[in-house]
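Participant: According to Swiss-Prot, the protein carries these features:
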type: ACT_SITE; residues: Y40; note: active site, proton donor
type: BINDING; residues: D35, Q175, 246-258; note: NADP(+) binding site
type: BINDING; residues: H102; note: substrate binding site
type: SITE; residues: K69; note: site 'Lowers pKa of active site Tyr'
Amino acid sequence: MEKIPVLGLGTWQAAPGEVTEAVKVAIDTGYRHFDCAYLYHNENEVGVGIQAKIDEGVVRREDLFIVSKLWCTCHKKSLVKSACTRSLKALKLQYLDLYLIHWPMGFKPGEVDLPVDRSGMIVASNTDFLDTWEAMEDLVIEGLVRAIGVSNFNHEQLERLLNKPNLRVKPVTNQIECHPYLTQKKLISFCQSRNVSVTAYRPLGGSSEGVPLLEDPVIQTIAQKHGKSAAQILIRFQIQRNVIVIPKSVNPKRILENFQVFDFELSEQDMTDLLGLDRNLRLSAFPIAENHKDYPFKAEY
């Protein structure tokens, strides 16, 4: 597999009407890694942006690193390939560079993304992610995807996958929520010790939850010292931990700003101060799934 570019554009919560333009701006800026998922319901528009830049001759398909994710309602082995080809078709691609299991939990199959019972809790499927993984491996063998990985797996789940008998294709990354309020020190150290890279989603936190990470005084002070924005500090923080990072933006100015993180370095003290902000604050906790047998966040890490 090609090495995953360390910086990518996240497309989660990017409205279909604005994501095509965002992708085009990002490619012009220099982004080559795009993080997508069936769940985001905007892969079609992402694909339009990618295709436009290929047609213009700005990039070739082989210059790009495109990631998508298998949604929880498609964990049944017989559903994996059609889920993948659906994303490929939407993105207008012949292959994906990387395909991830979005969550370790299988949900009841069907058209509803979040099937819930009367009490509003997720309805599980009786699937096991080790079986789902075998269908993921088939996608690599068939050439539909170049590499496979996981997302939102805790270390016990990842260990179970890595120790699977007859594992044919290893997961290349574990994509997890990560920012200074949720530093994921133990999980990152575990993944890296097992040669599984880590990709950080929500690296800038999320003000929608009333958690204005970007306004944190410690981060602000470091930003002022370097003449950089708080967002640039948070992105650089992950890069210096050897963590791949996928900030989401549809704002052309911020798409550019988020990419300008290779011309400065955080000091050891900066890194220590940022790691010191950890408060185990998880923004993507998925509470309606917490009764699921494979819910990942009951384990310490």
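FYI, residue positions are counted from 1 along the chain as it appears here.
Note that Cβ sites are derived from N, Cα and C of the backbone, with glycine treated the same way.
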Participant: Other Cβ atoms within 10 Å is the metric here; tell me which of the recorded positions Y40, K248, P252, L256, N258 scores highest.
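Facilitator: Ranked by Cβ atoms within 10 Å, first place goes to N258.
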Participant: Within 10 Å of each Cβ, count the other Cβ atoms and name the one among the recorded positions K69, H102, R254 with the highest count.
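Facilitator: That would be K69, with the most Cβ atoms nearby.
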Participant: Nearest by CA distance to R254 (NADP(+) binding site): which of the recorded positions is it, out of Y40, K69, H102?
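Facilitator: Result: the closest of the recorded positions to R254 (NADP(+) binding site) is Y40.
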Participant: Nearest to K248 (NADP(+) binding site) by Cα, among Y40, K69, H102 (recorded positions)?
Facilitator: Y40
Participant: Starting from the Cα of K69 (site 'Lowers pKa of active site Tyr'), work out which of the binding-site residues (H102, I246, V250, P252, L256) are within 10 Å.
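Facilitator: The binding-site residues close to K69 (site 'Lowers pKa of active site Tyr') (Cα within 10 Å), listed in sequence order, are H102.
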Participant: Within 10 Å of the Cβ of I246 (NADP(+) binding site), how many other Cβ atoms can you find? Include all protein chains, please.
Facilitator: 27
Participant: Looking only at D35, V250, the binding-site residues on record, which one has the least crowded Cβ, with the fewest other Cβ atoms within 10 Å?
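Facilitator: Checked D35, V250; of these binding-site residues, fewest Cβ neighbours within 10 Å: V250.
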Participant: Could you check which of the binding-site residues H102, V250, P252, N258 is the closest Cα neighbour of the residue listed as 'active site, proton donor'?
Facilitator: H102
Participant: Please report the Cα separation of the residue listed as 'substrate binding site' and N258 (NADP(+) binding site) in Å, rounded to an integer.
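Facilitator: N258 (NADP(+) binding site) has its Cα 24 Å from the Cα of the residue listed as 'substrate binding site'.
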